[in-house]
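According to Swiss-Prot, the protein has these features:
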- 31-151: region 'Disordered' (REGION)
- 57-76: compositional bias 'Basic and acidic residues' (COMPBIAS)
- 112-151: compositional bias 'Basic and acidic residues' (COMPBIAS)
- 169-190: transmembrane segment (TRANSMEM)
- 201-221: transmembrane segment (TRANSMEM)
- 247-265: transmembrane segment (TRANSMEM)
- 271-289: transmembrane segment (TRANSMEM)
- 297-320: transmembrane segment (TRANSMEM)
- Asn328: N-linked glycosylation site (CARBOHYD)
- 344-378: transmembrane segment (TRANSMEM)
- 379-403: transmembrane segment (TRANSMEM)
- Phe388: site 'Central gate' (SITE)
- Val392: site 'Central gate' (SITE)
- 404-480: region 'C-linker' (REGION)
- 484-604: region 'Cyclic nucleotide-binding domain' (REGION)
- Arg560, Thr561: 3',5'-cyclic AMP binding site (BINDING)
Amino acid sequence: MKKNIINTWYSFVNIPNVIVPDIEKEIRRMENGARSSFSDDDGDDDSASMFEESENETPHARDSCRNNSQRRDPSQREQYLPGAIALFNVNNSSNKEQEPKEKKKKKKEKKSKSGDKNENKKDSEKKKKKEKEKEKKNKEEKGKDKKEEEKKEVMVIDPAGNMYYNWLFCITLPVMYNWTMVIARACFDELQSDYLEYWIIFDYLSDIVYLLDMFVRTRTGYLEQGLLVREEAKLIEKYKSNLQFKLDFLSVIPTDLLYFKLGWNYPEIRLNRLLRISRMFEFFQRTETRTNYPNIFRISNLVMYIVIIIHWNACVYFSISKAIGFGNDTWVYPDVNDPEFGRLARKYVYSLYWSTLTLTTIGETPPPVRDSEYVFVVVDFLIGVLIFATIVGNIGSMISNMNAARAEFQARIDAIKQYMHFRNVSKDMEKRVIKWFDYLWTNKKTVDEKEVLKYLPDKLRAEIAINVHLDTLKKVRIFADCEAGLLVELVLKLQPQVYSPGDYICKKGDIGREMYIIKEGKLAVVADDGITQFVVLSDGSYFGEISILNIKGSKAGNRRTANIKSIGYSDLFCLSKDDLMEALTEYPDAKTMLEEKGKQILMKDGLLDINIANAGSDPKDLEEKVTRMEGSVDLLQTRFARILAEYESMQQKLKQRLTKVERFLKPIIDTEFSALEGTGDESRPLDSTQD
């Protein structure tokens, strides 16, 4: 179509000059339409180039048309006018045909653009949906992971917690019930038959507790590298691999089914329930560590063991008497047909009495008659000697441990009494010393804290000291804003001290080497006469903090400025100057801050000479630094001398070892060389003969 338009254009240019100006306008309009059509068609390069050539020719053609149209006559115009009109109609019709195509293209382009927009929207919506689905999947996966973790990490009982300890108490009750009542019911028939309903209830309640105990064991954590294991599989595996699982399993075997075959008069079929005794021992052990009266608990525990052994021995004695026959001889239990000995209570009490006399060997019992009776009595005597000797020895050691602290304290008092008597100390002084010791004992202050805490690691010792003393140390003004590390260092250096009534903690003019914090008691700031009181210091007060800082410019120097006296018995914490300076060596900023605070306090009290304080460094400080450097140099020299001596000794030892090795290897080397020389001499004549 484009080529047709161009051909018509060329033909139109060659038409004689009969075309009117209106036709020229139409031609221009057609030209513009052709250009737009050519610009829309990207693939037809040839048509575009042809159109460009025609475009270059059009100005000349248009000018020629105008000139010719002006020259030609109207008759000529009329002659050529029908052809031009026909040509114009052809071109116009082609242009009209082209216009709907262009509109269609534009519509298609609009549709394609709108379609692209819709597709982009759909793609973005799809992406959003996919992202939402991924988020949902991630949430579901996280929820599954959490559920799996919850399944794996089930509720675990801490073996060091109160819940586990309370459960041990619950399981101890059925264990003690079985250990006392099963043997008694098996030996005393009336006890089993008269109270059968109660025994059935108690038996199966204890069985339920036993089963629950096995479940609790599978939920009881254990420490692995200091961390509590909470995984269910590991807990179950740990329990199953233990010997206690086998004993627990044997203890819950339903042996009660034998009741249907043997009858209800055989409670001894439940003897497997006694295998759970380890839980009772564990409960006693944990109670001993928890109680504040361990010695009393140990004694009561031993008494309980004695009673259980006597109880078992009494039951065995009664069963042996039943097997031999009641009343057949003087050793066995009397005839039960006698109303006096037919009651259940009398049977048990008589057997218990006989067992106690036999095992403790403190009374006379009827002599045995039969061989079986002799054997039983001999076994009882051996058990009594071995067990009760051990028990009595333990009780004796417990009692001695209970009195060990008192005996040690009394030994100190006796030693001081002997010393005062030897030195002829006055009676008043002796009374004061004895009263002071009585105060320490009654208030339980005889314990040496360092001796008690020396077995703990440094971390635990520091935590205990922080819990006990940190709040007290923070009350001191100069330590209020100090670093936590410095406070911990100072807390570990606090020393407890006790003063009796009338004791002077410090006097005016004394050199201040310590500062004091009042823990308990009252102190008075008194005049020189020791009677007039200016101020009374109570719990939480402190004094002497300025003197240990040795602040330059202090008018008092490091001297005490007041007399402080104890009114009653007073407990103080003491911090020495050396300990403070040792701690401040690692905290130079804190040292500067403490000195500034001390200067401010002295300025408020008017005890600071500003000129001296603002002066340069004190020569004394320089001397102290020089002495410290000299000491460090001396220390390095001694270390160097020691290392040099060790080096020389090692060198001497190496020389000695080398000489020994040379002496040992020299004959061997000589023999080897001689052998080599001999072989060389033999080979020479052989070579000559061959030549």
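The backbone N, Cα and C atoms fix where each Cβ goes, glycine too.
Distribution of Swiss-Prot features across the structure.
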residue : record                        : Cβ contacts under 8 Å, 6 or more apart
Asn328  : N-linked glycosylation site   : none
Phe388  : site 'Central gate'           : Ile306, Leu359, Thr360
Val392  : site 'Central gate'           : none
Arg560  : 3',5'-cyclic AMP binding site : Cys506, Lys507, Lys508, Gly509, Asp510, Ile511, Gly512, Gly544, Ser547
Thr561  : 3',5'-cyclic AMP binding site : Lys508, Leu607
Spatial neighbours of the transmembrane segment (297-320) far in sequence, C-beta under 8 Å, 6+ residues away: 179-180, 183-184, 186-188, 284, 287-288, 291, 332-333, 347-348, 351-352, 354-356, 358-359, 372-373, 376, 380, 383, 387-388, 391, 394-395, 398
Through the lens of DSSP with three states only, how would you label Thr561 (3',5'-cyclic AMP binding site)? coil
Take the transmembrane segment (344-378) and find every residue of the same chain, 6 or more past its ends, with a Cβ under 8 Å from one of its Cβ atoms. 184, 188, 190-191, 194, 309-311, 313-318, 320, 324, 329-334, 336, 384-385, 387-388
Long-range CB partners for the transmembrane segment (169-190) (under 8 A, at least six residues beyond its ends), listed in sequence order, are 199, 202, 205-206, 209-210, 213, 265-268, 270-271, 273-274, 276-277, 279-280, 283, 308, 311-312, 315-316, 318-319, 322, 344, 347-348
Mean pLDDT for the region 'Cyclic nucleotide-binding domain' (484-604), rounded to an integer? 84
